[in-house]
């Protein structure tokens, strides 16, 4: 008698349509522990006996999720494996109860509370362990897994140990009520606020900024005085991380193919927005021309922190992938940021320089040539140092790139050529990424990028928390705020129209041009990093005037307004218009694996489908192979019997 494991199909007693259970023909990886089941996108069917899952194309839901099912065709649920013993046969009532339970679970999976809980979970690619009885205390999925709980607990313990150490070394500044203690509390609260905002699919930085504003205006934090030196240096560290990430996100291959389009769409709209902001600041805010262009150079920057996550969600669904629109938008955002930071550095070095007029005029070409030269040389050095086969190549390359970025930013500031540093950081990361890709690394699977993602997770709440904490609502002038709001929105609309108008010859239709233009309206990272820099520079000058302080405060206020007004709106517009303006590929893209993307195992172990049902995925190939193997085995067994 053939074993139960050899059955691949079953037929109802009434002669209904055949149903079969597909069997995976390739090795699978054992799944242990919980995973992010609520947000898996790609699933592949496996055998009815397997407790495994494998990444693959998307499939339809099992017919077991419907009320109208044929109980006689449910062949795969008759047996449950018991650890260390023989398979136990289920009764018909037990099988029916299991199906009803699965159906109730499918309803639970569609509820808002399940979706909310699953947003708090992550996928696991390694075996996991949890204490006995953990599921009784923290039932899945309404509570975090033990791995998540242990991770959070370890972070808390590390933070407490570091705080105790800092208190012993520094003293009262790290004590409760001290400014360092307030900064730590603000960072933790900002991180939690960003998590709450992320549940709405909006960027985390919005919640972080709001927490900073709340803490400042309630009186829970005070970062003024000498502690401003610390916050200023933290902003520079965050700026280095932002610029390195922008350089690493630029695709060298795509850049070579469409570099004319990238430069055209990256430079012309930025110049238009910078000039219009400068004009509005000059005539409506009565800022001098140099201060006006300084403000325009900051506001013109696009925020990768807003754009990249939204585009990734669209990319995984297949929107705009055929024409490479996500790559185009990210590359232009990197160029946009580099130009903004370099322009800010050049203008600020001219404004605050005490050198002769000739040296001030030479600032621009020296900064551009010097920044590009440093970036290319340092990126080329990162190709050979360390040696590519070194066991510690990832951490050493990460430190090399980060150290070079710090050297570029702080070194250029020391020699009064501030515009060269940020440009050198971006091109050092871009050049290094180009050589690393040539050595076998993939752009989407770059472990150095993962390291800087971790750095950004640490510095993001610090940056946006202290940026929000610099806003004092009671001191805001309603007239200036209204002018700033109107100017930002009007200029954003003009930039969108300009981008659509100049995007001719780029093989984009009208809808795609509109989406690309909308994607570049979000402001956040560069504005948060550079907005308060001018005020800090002015306050450090002993010969400052009240007018200069007023101008610097206006620059900071408009930069923060641009974040509040455009970041959430831009994220919403990208998510909403992307599915309507971009073309979707027929088959969704598989998630990337490796350092940056991890597999998401299937939610169900079994899928029963109709044989006559039309299938568009590649599982049909696997099913054909299964049938061919079954027929071959049957013929072999028959021949063997006849021979005997």
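Using the three backbone atoms N, Cα and C, a Cβ is placed for every residue, glycine included.
Note that this is a predicted model, so its numbers are computed, not measured.
Among the residue ranges 112-134, 227-249, 480-502, 503-525, the one that TrEMBL annotates as transmembrane segment is 480-502. Feature transmembrane segment, per TrEMBL, maps to range 265-285 of the set 76-96, 265-285, 580-600.
Among the ranges 18-50, 183-215, the one that TrEMBL lists as transmembrane segment is 183-215. Packing against the transmembrane segment (454-474) from elsewhere in the chain are residues 183, 186-191, 194, 204-205, 208-217, 221, 223, 231, 234-235, 237-238, 241-242, 245, 305, 402, 524-525, 528-529, 531-532, 556-557, 560, 563: each is 6 or more residues past its ends and has a CB under 8 Å from a CB in it. For the transmembrane segment (357-380), same-chain residues at least 6 beyond its ends with a Cβ under 8 Å from one of its own Cβ atoms are 342, 345-346, 349-350, 404, 408, 412, 417-435.
Across 149-171, 291-312, 480-502, 554-576, stretch 554-576 shows the highest tally of CB pairs under 8 A with the transmembrane segment (183-215). Two recorded stretches are said to be in contact when at least 3 C-beta pairs lie under 8 angstroms, sequence spacing 6 or more; the transmembrane segment (423-442) and the transmembrane segment (392-411) meet this definition. When Cβ-Cβ distances below 8 Å are used as the criterion, the transmembrane segment (265-285) is approached by residues 291-293, 295-297, 299-301, 328, 331-332, 335-336, 339-340, 343, 480, 483-484, 487-488, 490-492, 494-495, 498-499, 502-503, 506, 516-517, 520, 554, 558 of the same chain, each at least six residues removed from its ends.
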